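Notes to accompany the following structure.
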Amino acid sequence: MPLTPGTLLAGRYELLALLGEGGSAQVYRAQDGLLGREVALKVMHDYLPESDRSRFLREVRTLARLTHPGVVPVLDLGQEPEAGRPFFTMPLLTGGPITRLGPLEDAPGPLARFLTAAAFASRALHHVHSHGIVHRDLTPGNVLLDDTGLPRIMDFGLVALSEQTRHLTRSGVTLGTPAYMAPEQAKGGGVDARSDLYALGAVLYRVACGSPPFVGDSDQSVLYQHVYEPVPDPRDLNPAVPDAVARVLLWLLAKRADRRPQSGAALAHLWALARRDLWTTHARGQYRGGRARTGEHPDGPARVSDMQELWSVALPGEVTWPAAVVGEGDLVAVGTRGGQLVLTHTSGRPFATYAARDEVTAPATLIGGHVLYGAWDGTLRRVELQSGSEVWRHQARAEFTGAPTVWGGRLLAPSRDGHLHALSLRTGELAWAYRAGGSLAASPLVWAGAALQCDETGWLHALDARSGTPLWKVEVGTVHATPALLPGPPGTATLVIATWEGEVHAIGLEVQNGRAALAGEDAIRWTYDVEDEVWASPALTALDLPPDSGAAPDASAAPGGVVVVAGWGGKVRGLRLADGEDLWERTLDGRVTASPVISAGLVFLATEGGELLALDVRNGEVRWTCRERSGVQATPLAASGTLYVAFMDGTLRAYRNAHPEWRSEQEG
């Protein structure tokens, strides 16, 4: 007899709603009347044979042995009185399947959440395997998120204990889910912990890319591909997947078990290395912190109470707008009006100077041991850092003014004559070019497979980043400053554009048919007029505002982010991302063309009058200030606990919070 909402089990659990149903059981949302909380209740179907009852009870016993926070525990065990069906209760998970963390977007926040979840699930599997248990059926539906975004493994109905594996096969039937099944399991062979790691790799592949590694018209087609076909590179399906993440996924999906990571603990370590690679390359090497251009860097100075100059070096030329300091590993780079790109060690020691035939004011891009930089003579170069050799050179008809943007094995570069060029990253050959309606000064952004480019005649263009095909465009006003984009809930984002005339627009985006689209007929969520020219890009952070932030009285009621925008006249404002309401404002002593940079809850600013500041991003309070004789137009870099600033007179300085021993040496 089927159960219905309102049914009371064991005099304690009132069934509220059916959450899901499988071949052996139903899962309900239920109210625990004794403890006054909602739980998930799993009850076996009443028509199943005794063998399935044994499997159901084995799942309960298995869960009872596991105590890792990444495994859903058993809260209670009972029996439905009429048919004698066993049931057990578990915590109710409200975050949905792990696929809600994807597909991956090119911004630090979503990537960090993915890596945190991947490492947590890997450690949970290690705990499971250390008890001699193999799950055998990991799928996105069996890895659910809690309300903090951490994954919990559940549904151990096909669990294989090392001494009982032979009892869990049926003649002619392969148990498991084909889309996530290891090759040895697909062939009906023996399984072990590495089979689960393969399945977790397939699950995380789907999270990262939006689809599993293999799809087909039938289960047999999918199983065949798992056994015999090479795994498609995840970067081909979703170019936002970082190289470090792609490498781990492909390693997990090796056909031979002995070529995969050998334990969940080893896998968790690989995710930690991928996170380190993300922090050292994603945010520093590309202008404004990556392809989303949020202006937020993950590892800048967290303490600024005693920030002092660490070193300074003279550059062979002035440094002016729209230049920016970028970095990778132990190198920082900035271009000059003298026609050179200068690379310096983070210690202040010179590394290399690369020449151009004209000014190098567009921000460079450092990636994978190479540097990409454009000049005013219309040349764009790729140089190998170790040898200094030029890999290729592309000649355009006008100067390059925006930062080269690496995406999907290509390079997107805007030129002054209104063309957005897509070049092969490997060869420099032109893949496509798009002609906007006017000159381009802003750098492109990439989100959800779309290149977003503003021009100086007032239009925001959205293109298919692979083909250059126009998707849509919207009129926003003349734009010199590169916009910034902050992903929201999966499949959504907010794009913030500051126009030259002083209007700041927040535009809602969403994924439609795999590409970025305007969110609704009126996608402009709010507009704020700074009543000044704007040359600096806005900076965005997802930092939520606590009640004691000292910002606007109702700031705590509007979580979701902060926008920092600077007018050319020197007035800087903090706005709520949700609605554009004022949080704080501060007037600086000098014009602002350098874009603000956010890191560790601080916003770093520099003026043409030589004033450097660190403000609390929540309330605008000054945490550090310094004045130099020369002004700044280039966007600084906050990385590895250090602030790097290139001054208009051609001086590059590094600032860092002083260590006590260093300070005493300075004073002595």
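Residue positions begin at 1 at the first shown residue.
The backbone N, Cα and C atoms fix where each Cβ goes, glycine too.
Not measured: the values here are computed from a predicted model.
Per Swiss-Prot, the features are:
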DOMAIN    13-272  domain 'Protein kinase'
BINDING   Leu19, Gly20, Glu21, Gly22, Gly23, Ser24, Ala25, Gln26, Val27, Lys42  ATP binding site
ACT_SITE  Asp137  active site, proton acceptor
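Annotated features taken from Swiss-Prot, shown on the structure.
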| residue | record | contacts (Cβ under 8 Å, 6+ apart) |
| --- | --- | --- |
| Leu19 | ATP binding site | Val27, Tyr28, Arg29, Ala40 |
| Glu21 | ATP binding site | Val27 |
| Gly23 | ATP binding site | none |
Which of Ala25, Val27, all binding-site residues, has a Cβ with the fewest other Cβ atoms inside 10 Å: Val27
To the nearest Å, how far is the Cα of Ala25 (ATP binding site) from the Cα of the residue listed as 'active site, proton acceptor'? 15
How many Å separate the two farthest-apart Cα atoms among the ATP-binding residues Leu19, Gly20, Glu21, Gly22, Gly23, Ser24, Ala25, Gln26, Val27, Lys42? 14
Other residues, Cβ within 8 Å of Leu19, Gly20, Glu21, Gly22, Gly23, Ser24, Ala25, Gln26, Val27, Lys42 Cβ centroid (ATP site): Val43
State the three-class DSSP label for Gly23 (ATP binding site), counting H, G and I as helix, E and B as strand, and everything else as coil. coil
